[in-house]
Amino acid sequence: MCGIIGYIGDRKACEVIVKGLKRLEYRGYDSAGVVTGNGETLDVRKGAGRIDKLTEKLGFLEMEGNRGIGHTRWATHGVPNDINAHPQKDCTGKIVLVHNGIIENFAELKEELLKKGHVFRSDTDTEVIAHLIEEELKGSENFEEALRKALNKLRGSFALAIVYADEPDKLYVVRNESPLVLGIGEGEMFAASDVPAFLEYTNKVIFLDDGEYAILTKDSYVVKRIDTGEVVEKPVHEISWTLEMAEKAGYPHFMLKEIYEQPRAIKDAIHGNREIIRSVAEEIANYDKIIFVAMGTSYHAALVGKSLFQRLAKKVPIVEEASEFRYEFEDLIDDKTLVIAITQSGETADTLAAMKLAKKNGAKVLAVVNVVGSMATRIADLTLYTHAGPEIGVAATKTYTTQLTVLTMLAIELAKVLGTASEDYLEKLEDELMKVPELVELALKHDEALRELAETLKDKRDFFYIGRGISVPTALEGALKLKEISYIHAEGLSAGELKHGPLALLEDGVPVVAINPSGKVFDKMVSNIEEAKARGAMIISLSDREELSRVSDVLVKMPEVDELLSPIVYVVPLQLLAYHLAVLRGNDPDKPRNLAKSVTVE
């Protein structure tokens with residue numbers, strides 16, 4: 001949540017910052033602000049609202065100076081208003097900073113600072129940091145020393161970008177449990193919450209680790225430990241994807257573009273893991289205590305992974321929400337445990353916390369991640385990348401299907417290593433996986449029909465999504481997509497659960513979306529669909545079997561695909577349906593209310 005962009009160089013800082021903030025909008029925000037200035041005067045402008053309107057209202061692009069920082073805020077402490085927007089400053093106005101994260105001990109620090117005469121303007125935990133640095137500066141030889149002293153008193157998560165009026169040639173940035181990446185240019189330096197913010201200018205990046213801070217000038221950088229002040233040598237990575245890959249490319253929304261990018265993304269996921277998948281499978285083959293941890297859409301991918309591991313590798317994993325893992329499994333993790341953490345961003349706070357606990361207790365940790373160099377990859381013992389490329393829309397689409405692709409590859413390879421499935425079947429499944437991008441292309445051909453269907457459904461108040469077996473996670477994901485961008489209540493569940501309560505909610509015209517590929521539970525699903533139909537529900541079926549039209553009001557005819565691969569293909573029409581319903585209801589599917597792309601606070 002929230003976004004940071006910092007710049008120091010020869011360009012007009014405000015222009016770099018406003019562009020960067022626009023490219024961080026997908027992270028979600030309710031207010032924004034900018035500070036620039038080369039000398040002793042720092043120009044701070046901020047307010048509640050969208051960046052475009054604030055730029056016009058406050059004149060962001062009129063701000064002078066070649067050094068500056070910008071911020072988009074998602075309120076955690078203090079309501080979203082002009083005063084609580086970032087940047088925040090100290091009593092003197094010389095220390096100005098922006099912050100992502102949550103300071104857990106801000107109340108006690110604020111009380112101490114109030115007693116020492118500090119005057120606070122906002123209700124934020126962020127302002128406490130500025131005043132704390134100001135206080136430490138009184139007994140320090142220089143600003144860096146004061147900064148380190150202050151940082152060592154903070155508890156919680158924080159990514160910071162700081163300018164100090166008396167040091168006009170420096171920009172300070174800090175990372176602790178909240179993402180921050182440096183961009184290394186020629187005669188200029190950048191810092192941001194995510195690479196797209198500065199990718200127009202450089203593809204050379206340094207990923208800060210927790211407990212590190214950096215001092216940037218236009219020509220140099222140094223990274224140090226917060227606790228000791230020791231210099232840390234950091235590798236410079238080159239980002240392979242381009243800014244154009246992160247732009248809309250003619251689509252009305254990023255989400256639709258990313259839905260249509262799935263055939264290519266799935267191919268990249270397959271080709272990107274061919275060489276490494278065998279060695280990973282061999283390394284995890286002997287673990288019987290396996291726990292998947294994830295949140296949101298990644299959690300649904302984990303549920304599919306569980307089915308694949310059971311059906312192919314004859315393993316019986318547990319799937320746990322990362323937010324609950326620490327409280328339920330703390331005493332159950334040991335060196336005989338394999339934890340598979342799935343996170344698109346590699347920065348999801350709950351998932352990182354679960355990974356750290358697992359490592360602390362001696363478990364082997366495998367991360368399935370999209371973002372190269374993210375914190376999850378640095379915690380994990382093993383990493384499989386999904387190679388989806390940048391995903392800007394808040395609602396996960398191509399990152400989900402590439403997660404499923406990688407988990408399918410891993411389950412197949414694990415079954416080969418363990419000899420738990422016939423070689424002929426595994427070879428057939430691999431061949432069919434190679435054809436999945438073509439099957440997704442076929443699924444995308446339903447786009448216009450689904451838009452027309454959405455026209456008839458846009459005023460519905462409730463939806464139910466049902467599936468059985470490996471299709472249950474697809475039902476859950478379809479429901480999540482619908483509610484997060486269309487704001488229609490939706491419930492995903494096992495079709496067998498209908499008669500245990502939800503059936504009472506079905507009445508004339510309530511849409512029930514049934515996911516029913518050919519497979520061992522097909523006939524059972526037909527019975528469940530008939531139960532819903534008898535209560536007056538409007539049945540929308542996804543299936544490769546034409547006979548399902550007998551019990552369906554709408555049949556979305558799907559291509560034939562092995563049941564174990566069906567989650568990758570069958571989720572695509574559900575993404576499109578959710579997208580069209582959101583647009584028809586006047587919502588921006590790229591920026592759903594109250595949500596953020598990367599949830600970096602717990």
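Even glycines carry a Cβ here, placed using N, Cα and C.
As the structure is a computational prediction, the values presented were derived from the model and not from experiment.
Annotated in Swiss-Prot:
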type     : residues : note
ACT_SITE : C2       : active site, nucleophile
ACT_SITE : K597     : active site, for Fru-6P isomerization activity
DOMAIN   : 2-219    : domain 'Glutamine amidotransferase type-2'
DOMAIN   : 280-420  : domain 'SIS 1'
DOMAIN   : 453-592  : domain 'SIS 2'
If you average the pLDDT over the domain 'Glutamine amidotransferase type-2' (2-219), what number do you get?
94
Kindly report the helix/strand/coil residue split of the domain 'SIS 2' (453-592) according to DSSP, in that order.
74 helix, 27 strand, 39 coil
Over the span of the domain 'SIS 1' (280-420), count residues by DSSP class, listing helix, strand and coil in order.
68 helix, 27 strand, 46 coil
Cβ atoms near the residue listed as 'active site, nucleophile' (within 10 Å, other residues, all chains):
28
